[in-house]
Amino acid sequence: MAGGRPHLKRSFSIIPCFVFVESVLLGIVILLAYRLEFTDTFPVHTQGFFCYDSTYAKPYPGPEAASRVPPSLIYALVTAGPTLTILLGELARAYFPTPPSAVPVIGESTIVSGACCRFSPPLRRLVRFLGVYSFGLFTTTIFANAGQVVTGNPTPHFLSVCRPNYTALGCLPPSPDRPGPDRFVTDQGACAGSPSLVAAARRAFPCKDAALCAYAVTYTAMYVTLVFRVKGSRLVKPSLCLALLCPAFLVGVVRVAEYRNHWSDVLAGFLTGAAIATFLVTCVVHNFQSRPPSGRRLSPWEDLGQAPTMDSPLEKLSVAQEPEVCRPHSTPYRGSVGINRRTSRWAATAPEVSPMILCHLPSFLIPQSLTSDH
């Protein structure tokens with residue numbers, strides 16, 4: 001409610017819904033993400049490989065913790081970055097409201113649940129946006145891990161950790177007469193390397209780090225674009241969004257440069273994270289916009305009536321050429337309308353004829369006396 005106190009709305013279902021529905025769903029998503037990431041509940045698909053395949057023969061880059069972008073750094077950034085951005089944005093929106101001269105922002109209601117709990121609009125928005133972000137973050141983890149478990153695509157350094165015994169497998173080394181691989185190995189016991197390293201090297205598609213980074217930066221960039229208001233400059237928000245997108249791009253480049261993922265793995269991760277973030281922002285939090293205080297949804301006709309329209313040149317021409325009786329603020333015509341029997345035109349005798357009725361009749365049905373008198 002602009003310029004006054006916010007609307008008060010009493011609800012006894014917000015706390016039970018949050019505790020017994022949304023919290024339970026979030027807990028299920030977190031449990032499933034944990035099972036896919038840290039347990040063998042869902043075994044990784046064993047995909048075969050060609051002997052001496054150069055695509056998977058890159059050197060082993062070392063454990064994930066030795067990477068230039070370790071998982072701990074990625075998890076810290078995708079958790080703290082969007083959280084701080086949304087927190088600062090909502091605090092600024094609450095303590096520095098939009099000036100009256102700007103486009104008004106539809107406010108929310110302060111919900112009163114019981115006799116002690118009051119949920120103000122800033123608190124509701126903060127919990128809603130951060131809760132949806134957390135849900136999407138674990139959902140992105142599930143999508144990435146599920147894709148890795150189902151496909152089992154090897155990493156570029158797969159053969160370095162697999163260390164297959166080519167002699168026992170009957171593989172012949174490449175020669176000028178036979179430059180390409182000659183045998184496709186599908187034996188699950190073909191690898192003589194560490195089982196944990198081999199299992200990790202079979203989880204390349206899609207790249208989970210790229211998916212998490214793409215999700216975080218897409219969600220945050222859309223929040224900055226749709227919520228922040230900057231006067232006098234058109235480059236501040238694009239600069240912030242590009243600054244957010246740059247680290248995600250660098251993470252993908254590092255994953256490829258260190259032979260931990262292929263380009264296709266990184267691109268698939270980017271698409272997965274960006275798609276989930278776009279869906280949640282568009283369909284769940286409604287572009288970070290507040291709902292009307294009444295809580296009533298507009299009907300399709302009301303929504304269509306409030307949508308911006310553009311006048312057609314033909315409509316302007318017809319308004320300019322219409323008779324005075326059809327224009328706004330015309331006085332009602334008092335009299336009778338006759339019947340032309342030769343042409344069988346419709347007419348009726350009435351003490352008062354509204355101009356709006358005449359405007360909806362075809363021009364050949366309106367007598368000349370009506371338009372000439374006005």
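Yeah, the Cβs are placed from backbone N, Cα and C, and that goes for glycine too.
TrEMBL lists 130-281 with the feature domain 'Phosphatidic acid phosphatase type 2/haloperoxidase'.
Annotation source TrEMBL lists transmembrane segment at 12-34 (among others).
Taken from TrEMBL, the feature transmembrane segment covers 73-92 (among others).
Only residues 6 or more beyond the boundaries of the transmembrane segment (126-146), in the same chain, are considered here, and those with a CB under 8 A from a CB of the stretch are 22, 25-26, 29-30, 32-33, 36-37, 42, 78-79, 82-83, 86-87, 90, 203, 206-208, 211-212, 215-216, 219, 223, 269, 272-273, 276-277, 280, 284-285, 288. Annotation source TrEMBL lists transmembrane segment at 126-146 (among others).
The transmembrane segment annotation in TrEMBL covers 209-228 (among others).
The list of residues near the transmembrane segment (235-254) in space but at least 6 beyond its ends in sequence, with Cβ under 8 angstroms from a Cβ of it, reads 67-69, 74, 77, 81, 207, 209-210, 213-214, 216-217, 220-221, 224-225, 228, 266-267, 269-270. Summarising the annotation, TrEMBL assigns transmembrane segment to 235-254 (among others).
Residues or ranges marked as transmembrane segment by TrEMBL: 266-288 (among others).
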Report task. Please give the average pLDDT for the domain 'Phosphatidic acid phosphatase type 2/haloperoxidase' (130-281) in this predicted model. Result -> 92
